[in-house]
Each structure stands twice: as structure tokens, then as C-alpha cells.
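Below: the structure, in C-alpha cells.
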Amino acid sequence: MRNQKVNRTVLIGAGFVGSSYAFTLINQGITDELVIIDLNKDKAMGDVMDLNHGKAFAPHPVKTWYGTYDDCKEADIVCVCAGANQKPGETRLDLVEKNLKIFKGIIGEVMASGFDGIFLVATNPVDILTYATWKFSGLPKERVIGSGTTLDTARFRYLLSEYFGVAAHNAHGYIIGEHGDTELPVWSHANIGGVPVSDLLKRNEKYKAEDLDELFDNVKNAAYHIIEKKGATYYGVAMSLARITKAIYRNEEAILTVSAHLDGEFGENDVYIGVPAVVGRCGAREIVELDLNEKEKQQFKHSAGVLKAILKPHFELQA
């Protein structure tokens, strides 16, 4: 990573998610330089033109251009959004075979440039592909991050806020585990303005446990619902990627539920999975190990096991 004030972000993959991420970066003034790389040169160049035309309205001047892998050499963050798309009825894990092949080529090209920054992975299945990026790149684990369950956590907080009638930033809770079908809500730590959700259920009979079960189902299945209606999800994940990017560039040491590598935390080893982590200029420098209840521990173990079973045919895992 360059020891200078100019932050360069390279976006690989200018599809729905990548383009939305680029727009969010510029609209929020998060990066100084933005390089877009895509196999479809015309699409990427069109995005560059479109984004540059709105530069007069941006809060911060962002130099934006269509580039090549050579531009990764001076990059601080390379965000990978390239890969096969999730189709209706297809799980994120169904995409493994297709996207592992794509990623091996992409990561090889990036590393050949001399890149020494932070990888931010968005392509699904994100936990698997973040692990693959770590293996293919050879970078330290803290400098390879996936979007993980940051969006799931945001969805959770939004739906909690709607249910309890408060602002989203006053609804606190985490979704952890696989970004997918085995993710879990950490109800034992969920609270509204500091009041545990479990206490609110006891205090007011209008709040019901079955409502909260349905609420989580809506979190877990949100992507499927959106894909059914509009074909793809991209705004929410782009905003979560921008949030992670901002935390890195501003060295916020923000706690975000990214896909991070576990080395004994939560009783798991050698897996990338969505957990709260301290994110700053060095990447995901520390895992925040929550005190889970027994049910949550078992659910998390199951989620990690599902990911390891997918990884095992492709990588030699540590015990």
C-alpha cells in the first residue's frame, strides 16, 4: 500500500454491483482515484464517461478512468465484483465452480502487477471466494476481506427499527455466519437503544417472538425476494462495500460484520466467514468474539461447517 495521501481504488467488474459501488464511491467522495476494469470495455468506458459527467456535483473530486491490471500496482484497495451472476432459484454456493475459475485468473493478474494493498471481495459465494482470494494472492489474512454479512446486518437493523418504531441507527444487532442460507441472528446481543430485545418482549405483549422469527426469515431471504422482483441485488451491497472502503481509508477502526479469517475465534479455524471485525487502514485487524449462547454457538458451527465442506475439495484446510 502506498504511503501517500492519494487513495486509489480499483474496481474489477462493472456489472450491476460494480457500477453501483463506483457511483456510491463518487457520490460520497470516498476515494481519490477510481480505476474500472472489465472484460466489456465499452460498458466500463461508458460507466467512466457517465460518472465523470456528474463530477461537478460530487462532494470530492475523484479521478476516474478505464484501466488495466497494471493500475493495480499503485492501488490501495482492489474491489472484486466480477463473476457469474446468481440466477433465480440458484443459491450463492451453486456459483462456486464457475467463480473459482474466474477468480484464479483475476487474482493472478492483480498480483502480477505488484499489488500490495487490500482486497475487498463482493462476488458470491463471498465467503468462499474471499478464502480463495487469500490463497491465490498470498497476502496476509487481514488484508483480504469479504463483504460478508455487512448487508445482512444492515437489513436486520432496518427491519428491527421498523418493527420497534425507532431509527435504524438505534437498532443494534448482528447477522453472522455464511452470507447465505446458514447465516444466523445474534439475538442474545440484539438491542434497541441499549435495551435488550428479549427484555422488550417481556415488557410489552404487542412484541412477539414469532414476529421476530419472521423478521429474520425476511433478512435471510431478502436477496431471493429482490431477485424475483428485479433480477438482481446491487444497491444495498454497493453501499455496504462503500462503507467498508470508507472505514479503511479513514482508518475508522469500525466494527463491521465482514467476511474475515478465523484462527481459533468462535471455536473455528481456517475459514472466512461473516463476523464482527475491527476494520481500518490495515484491513480487518481484529475479530470481535461475541459471547454466544448455546443455540447460537451450534448454529455458527453448522454455518462454518457448510463453508468448510465447500472449500475442502478445492483447498487443503488446516485442522
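Using the three backbone atoms N, Cα and C, a Cβ is placed for every residue, glycine included.
Just one of SER147, SER161 is listed by Swiss-Prot for the same NAD(+) site as VAL17, ASP38, LYS43, TYR69, GLY83, ALA84, ALA122, THR123, ASN124, and that one is SER147. Of all the recorded positions in the record (LYS43, ARG157, TYR224), the one with the smallest CA separation from GLN86 (substrate binding site) is TYR224. Within 10 Å of the Cα of THR233 (substrate binding site), the following recorded positions from the list ALA122, ASN124, TYR224 place their own Cα: TYR224. Taking the C-alpha atom of HIS179 (active site, proton acceptor) as reference, the shortest distance to any of the recorded positions LYS43, HIS172, TYR224 belongs to TYR224.
Across the recorded positions listed here (HIS172, HIS179), the residue whose Cβ sits among the most other Cβ atoms within 10 Å is HIS179.
Neighbour counts were taken as the number of other C-beta atoms within 10 angstroms of each residue's C-beta; across the binding-site residues VAL17, ALA122, VAL126, the minimum falls on VAL17. GLY83 (NAD(+) binding site) sits 11 Å from VAL126 (substrate binding site), taking the CA atoms of both as reference points.
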